Amino acid sequence: MGPLEAIGEENQTDEMKMELFTKLYLPRYTTPVSELALDPKPELKDSTTLVEVQIILIFAYCSIILLGVIGNSLVIHVIIKFKSMRTVTNFFIANLAVADLLVNTLCLPFTLVYTLLGEWKLGPVLCHLVPYAQALAVHVSTVTLTVIALDRHRCIVYHLESKISKRISFLIIGVAWAVSALLASPLAIFREYSLIEIIPDFKIVVCSEKWPGEGQLNYGTIYSVSMLLIQYVLPLAIISYAYTRIWTKLKNHVSPGAGNDHYHHRRQKTTKMLVCVVVVFAVSWLPFHAFQLVSDIDSQVLDLKEYKLIYTVFHVIAMCSTFANPLLYGWMNNNYRTAFLTAFQCEQRLDSIHPEVSAAFKARKKLEAKKSQFPGDSFTQPTNV
């Protein structure tokens, strides 16, 4: 639950709304609560309204968006462009990049605007769409990381060299999106775009969760706890178990020859890279999930003076996972590092930079050489990749 969503909760009394309002919307100067009605537009009190804090938030969100769009687009580009990169594991990594791109382009810009303005001014459609899209992308990322871990566990621990076919991998990706869409759907359905009158003559537009049920049965809390288990705790338990067994297997492995040593070393590096991806995902999302859970269980957390700032900082940390993955690919995986470099090189250097794609380029050079033997044939300059 976001800081402004709490004000729009259906089960809150006017007194509770006023109490929460005094935490978030009191004027910066000292004004008695009884006189708030005299000021038609009281200012936000929390630190997120300070200019210097807003500049930092703008820089943080824009940096995440820029790095995420560039990095994830590059991952998708090299997997599509180079045939040697079209492996099952890389298809799953590309799916991870697509999910992160969804967050970078559709969620973060609107979240930043919502945070800076202090109320939802983006209309009812985006009110339902943005939270749903973010939840969808996070679910897809978690499912994809789990599938990658299980696939590598199957191949390395049990020596099953018959890999998952590309057709099956696409089917798994489709199922991942379908299941994720179903799990995230309550955030689009049980949502309300409303105008809330906090005090007389002062209203704000709120995009808040609106769950059915009354009394002690809080469906919002039930959903939050369920998603924490399904989206975070259970996948991380499965992934940790899989990579622990993989690590143990590789550590105790004895290679009979130099060729197998090289193959074993490559597997180790790839596994290390994927473990780092999972660790970054787990660590970056842990503060946000924990804070969300505590907020849903204990409403007194909403009374914290800097609740909105804490929520925003944890959200920024969580969103860092959307650009961290491409950095890990480029840093820890030779294939990706080579492909990234190739994307910025000219074709005449392709064969020296990326041997896997050199055959087609060499064939083209031979054809151009034959043409250049005939008078009148002009030399064709190679184009950029």
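Yeah, the Cβs are placed from backbone N, Cα and C, and that goes for glycine too.
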| request: Look up the topological domain names in Swiss-Prot for His77 and Phe340, then state whether they lie on the same side of the membrane. | output: yes
| Considering the candidates Cys127, Cys155, Cys276, which is the cysteine that Swiss-Prot reports in a disulfide bond with Cys207? | Cys127
| Minimum Cβ neighbour count within 10 Å among the disulfide-bonded residues Cys127, Cys207: which residue? | Cys127
| Between the transmembrane segment (170-190) and the transmembrane segment (91-111), are there at least three Cβ pairs closer than 8 Å, leaving out pairs fewer than 6 positions apart? | yes
| task | Give residue numbers and ranges for long-range contacts of the transmembrane segment (309-329): same chain, 6 or more residues beyond its ends, CB-CB under 8 A. | result | 2-3, 46-48, 53, 57, 60-61, 64, 67-68, 71-72, 74-75, 93, 96-97, 100, 103-104, 108, 111, 115, 141, 273, 276-277, 280-281, 284-285, 287-288, 291, 295, 336-337
| request: May I ask which of the stretches 55-75, 129-149, 222-242, 274-294 has the most CB pairs under 8 A with the transmembrane segment (91-111)? | output: 129-149
| task | Using DSSP with the three-state reduction, classify Cys127 (disulfide bond) as helix, strand or coil. | result | helix
| message | Using a threshold of three or more Cβ pairs below 8 Å, and leaving out pairs closer than 6 in sequence, do the transmembrane segment (55-75) and the transmembrane segment (222-242) count as in contact? | response | no
